[in-house]
Each structure stands twice: as C-alpha cells, then as structure tokens.
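Asker: Look at Swiss-Prot and you will find 25-45, 79-99, 104-124, 139-159, 179-199, 210-230, 247-267, 274-294, 299-319, 348-368 tagged as transmembrane segment, backed by sequence analysis.
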Amino acid sequence: MLYFLYDWLSRGGHEHVPVLNLLKYLTFRTGMSMLTAYVVAVAMGSRFIRWMKAKQGKGQPIRADGIARHVVEKAGTPTMGGFMILAGLFVGSLLFADLKNVHVWVVLGITGSFGVLGFMDDYAKVTKQTTAGLSSSQKLIAQFIISILAAVVLIIFAPKSPTTVGLETSVVFPILKNLVINLGWFYVAFAAITIAGFSNAVNLTDGLDGLAIVPVMFAASTFGLIAYLVGNVKFADYLNLHYVPSVGELAVVCGAIIGGGMGFLWYNAPPAKIFMGDTGSLALGGALGSIAVCAKHELVLGIVGGLFVAEALSVMIQVAYFKKTGKRIFLMAPIHHHFEKLGWAESTVVIRFWIVAMMLSFVGLATLKLR
C-alpha cells in the first residue's frame, strides 16, 4: 500500500519526497516488511495467547503414544499461533510489496488459503480433543486444487521476458549448467506437488518447541536472496541464472516471513507458550513452496529445505515399511522423535536440527555459483 503511494507520487513528479523516496528501493522495503511483521507478531502475542487459552481450554492434544514427558510438559499449551505469524506476514507484505505484482498475490493467496485449511484442522483437533483433525485426503485434495490454480495463474499471467520463452513451464536444474526441461502443461502437476508437498513437510517438522520456525526463517532468507537475484536482470546475467521478471518483489514477502517468524519465536521459545499449529505450518510451507515455484528454483528448495524433506521421508518410509513388514525402521516418526527416543534432550534435537538447516541453506546458495 505504501508502495502504491510512492508510485502515485512519482508519477506526479514528486518522487523525491523525503522518506517515501526510500520506498523505491527493494532492499529498504524488505527490511521494513521484516520489522513490521516482527512488531505485529510480538505486539499481539500476549493477549492472543491469553485469548487462545481461554477459548481452547485444554489446548492442543498431545499424542498419547508419543514421548512420555511431552504429555506432562506440553499439556494445556494453546495452538493456532500461526495466526501471529500470518498477521505479521500479511501486514508487512501488504504495506511494502508492490501489489500490482502477480507473484506477490500468488504467494499470499497460497499462504492465506493454506492457513485457513490449517485453522480448520486445528479447530477440529481442539474441539474434539484428538490429534486427528481433518483427514489426510481432505487436506491433500484441497492443497492440490489450490496449488494447481496458482500454477495456472503463474503460467498465464506472470510477466515474461523474450530471453526466457517457455521458462514458465520449465524445470531448471541446479549445478548442471543450462539443463532445463520444459514440461509443458505437465508443469502444473509438478508445481502442485512442490507446493503441497513442502507444505506437508513443514507441517510434519513442527513437533518440538522452535523446531520448525527457525529452519523456515533460514529458508525464507535464502529464497529472499534468490528471488532478489533472479529478478534482477544484471545479477541474473552475472551469475548465469535464468532471469524471472518481477519475481524480486518476493524478497519483501520473505522479509515478512522472517519478521513474523521471529515475533512468533519470542513466545515459542522453550518452554513454548503457544504452538504454531497447522494454521502456521501448512501456510508457511505453502508460502516457501510457491516462492520456489515463482523463482524457478523448485529443485533448490529440496536442498535448502532438506531438513523438512528428511522429516517427511522418515514418515513415508516408516509407514511403508510397517505396512509391508509389521516392523518399524525408526523408533518413532517423524525423525526428530526418533532422536528423542534415543535419549537426546528436546533442546539438543532442536538446536542440532537448526544447525543442519542453516548449513543446507548455505549449500543451496552455493548452487547459484556452481554452474
């Protein structure tokens, strides 16, 4: 919205108005969206948590077959803390992003839609006091429909460059120089799998205090930089990246994700006063997945978000192996609970997973030069 004001003033010949002139700089708007999102999330935190406690009563149900100490330590903790993140994310993005940018609206649309889906899941769990909310099939069908619509919108309406003809339906491979495969309209399915899959991967990771949100912020930082670089024709040319017109604006959204995440972590730090819930995890995973699709770095997301991928794979492997043999590979899935069963303290698991996520973000950035 503030960018609209700057745009209106600049068209009227008033582009040099102090302070507002700063809005033409993407880096400034990214920083301001981060700060704004943080302030919004922190400011609403205490009252929102008290309200959630009053409304939810017993709070988020804890798995009875899980880690024994969690049943005692985490009982009564409210969920739906994702609302705090999303409030900051949307306020920061709407204030400082260019709202004429189709990439911004696609990412915000995915984020909001998945947030609503997550809220419905959290609401069902809290009201029924069960760890089973919406069925997996219900969530997946909704996620795929939304993701398919988003992919179609990008293919049809996203700005195109004469030098990137066909890029909107192509998969760009990292490291392997100039290896690009045009999937045609099959790309819609690929994009939907990327968005929905990563959304669920983040959801599965959100099982310990602070575990998911910090890796989400690492990934958002990485993809904010990637979006900034591939959206700038000079930087893209220098780094031999495929230029994606106008996608740099997503750096502002990534800044808002980071700021909202920091504000939420203020209250989610151990011992957590509130859980993110599916309201936050499904939305943030969808946001990162859609940003990767917009920036044409879907495969790099598998590296940067490798921690989330590993968590999801551990569940898939556990379920498949158990169905076939009646035995379990891991003591408990997702894999962070496996390490708890091995005797690792919760804080040890969380911090070590943060380290892994940070290193994977660096590896993902390194692929920009390994071409």
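Count begins at 1; order follows the chain as displayed.
Cβ atoms here come from the backbone N, Cα and C positions, even for glycine.
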Asker: With the transmembrane segment (79-99) as the reference, which stretch in 179-199, 274-294, 299-319 has the largest tally of C-beta pairs below 8 Å?
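Answerer: If we count Cβ pairs closer than 8 Å to the transmembrane segment (79-99), 274-294 scores highest.
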Asker: Near the transmembrane segment (247-267), which same-chain residues lie under 8 Å Cβ to Cβ, leaving out any that are not at least 6 residues past its ends?
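Answerer: Sequence-remote neighbours of the transmembrane segment (247-267) are 26-27, 29-42, 45-46, 49, 81-82, 84-93, 96-98, 101, 103-104, 107-108, 210, 213-214, 216-217, 220-221, 223-225, 227-232, 273-274, 276, 280, 284, 287-288, 291, 294-295.
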Asker: Go through 104-124, 139-159, 210-230, 274-294 and flag the stretch with the largest number of C-beta pairs under 8 Å relative to the transmembrane segment (179-199).
Answerer: 139-159
Asker: Six or more residues out from either end of the transmembrane segment (104-124), which same-chain residues have a Cβ under 8 Å from its Cβ atoms?
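Answerer: That would be 60, 79-80, 82-83, 86, 89-90, 93, 97-98, 133-134, 139, 142-143, 146-147, 150, 153-154, 158, 195, 199, 203, 249-250, 252-253, 277-287, 289-291, 294.
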Asker: Who are the long-range neighbours of the transmembrane segment (139-159) in its own chain, taking Cβ under 8 Å and residues 6 or more past its ends?
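Answerer: Distant Cβ neighbours of the transmembrane segment (139-159) are 102-103, 106, 109-110, 113-114, 117, 121, 168-169, 185, 187-189, 191-192, 195-196, 199-200, 245-246, 282, 286, 289-290, 293-294.
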